[in-house]
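Working notes, beginning with the structure itself.
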């Protein structure tokens, strides 16, 4: 009898436990599903934020591109104005030399005038000492014949005419001197006015360039902040994706546990019916035994790892002095014959027609000498080539960079003696002086040696 009671009690406990297990599993699954929905909602919001941030960055990049175009135009005008100032200062210097030459000529003219004045004074004094016009009359009356009289009259007339010519020539020299001085003063006034106008224009352009550069920096700061926020949003999206995947795995495990519990319940109910049937059909007092067993499942998780990537920068380009001279010779061969083209030199057609911008010109010149600096090179990539050297140690063949419309916005090949070979928007391919006010202001000591 006790065995029957025990069997019935055990079956009751197992049955009750199996009733509660699916309920508990269903509750847990509902909570997990709710968490998954919340994460999906949050991930949707983050993705929306990512899309919005991408549009913001695209807009900032478009504004930056337009601004760079405006800065390029201002920079071109500033360079042209600087070149005009340089030319006008040369003209001013030449005019000053003309002034010195004219002063010398003036002194010589004054000396001739003084000498002529002395001759006239001496002649007048001689006339006065010898009776003046009476002396001329005595000369005429002393003639021995009519022919002699004519000869003496002609001589007297010649002397008088000579004095008159001296006076006329002296007057002409004075007029010439005054005219030369007047022309010179007019020319100097025009030069000074033009120089003043050019310097005012240059100052205004520099001011505009500074304002645009500040605006460019502000846009760059905004873009950097937006990109940082975008990076954070992407990280958050990645984290939410992992959480969602973990919850999905948890849901699978909970559903598997619920299925196992339901199966256990079914097996328990079947066992209980079997025990009850055996007890009813046995009248001999024999007791049937029942035992149960439970299987526990195990779950395993796999960890995945992603390989890390290592990026390396370009190495120093090295060659020999022959490559430097070959590059300079090639570049110099088109001085004055190659117009500047923004973004040029990056197609075979441009190269064949010698249409470059500053960076593609430098790349082309060195490529012709067997030194490859990278097809499609820009000032941003070239400034990372070779190794940095100080401005005091730069030598022929080094790359020199200038802060024009942006930091390191222009590049050329240093030739030595303060000159460099470059392709600029004002003169195309040309040799320019680093002492030119424009280039002097733009050069901040950035020099790269690409050929040792």
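Using N, Cα and C of the backbone, Cβ positions are placed for all residues, glycine too.
Worth saying up front: this structure is predicted, and the values here are computed from it rather than measured.
Looking at 28-53, 54-79, the range annotated in Swiss-Prot as region 'Disordered' turns out to be 28-53.
Looking at 138-197, 198-257, 258-317, the range tied to region 'Disordered' in Swiss-Prot is 258-317. Sequence-distant contacts of the compositional bias 'Basic and acidic residues' (39-53), counting only residues of its own chain at least 6 positions beyond either end whose CB sits under 8 Å from a CB of the stretch, comprise 226, 229-230, 233-234, 236-237, 240-241, 243-244, 247. The Cβ of residue 358 (active site, nucleophile) lies under 8 Å from the Cβ of 340, 379, 410, 411, 412, 422, 423, 424, each on the same chain and at least six residues away in sequence.
In the three-state DSSP scheme, residue 358 (active site, nucleophile) is classed as helix.
Secondary structure at residue 410 (active site, proton acceptor), taken from DSSP and collapsed to helix, strand or coil, is strand. Counting every protein chain shown, the Cβ of residue 410 (active site, proton acceptor) has 24 other Cβ atoms within 10 Å.
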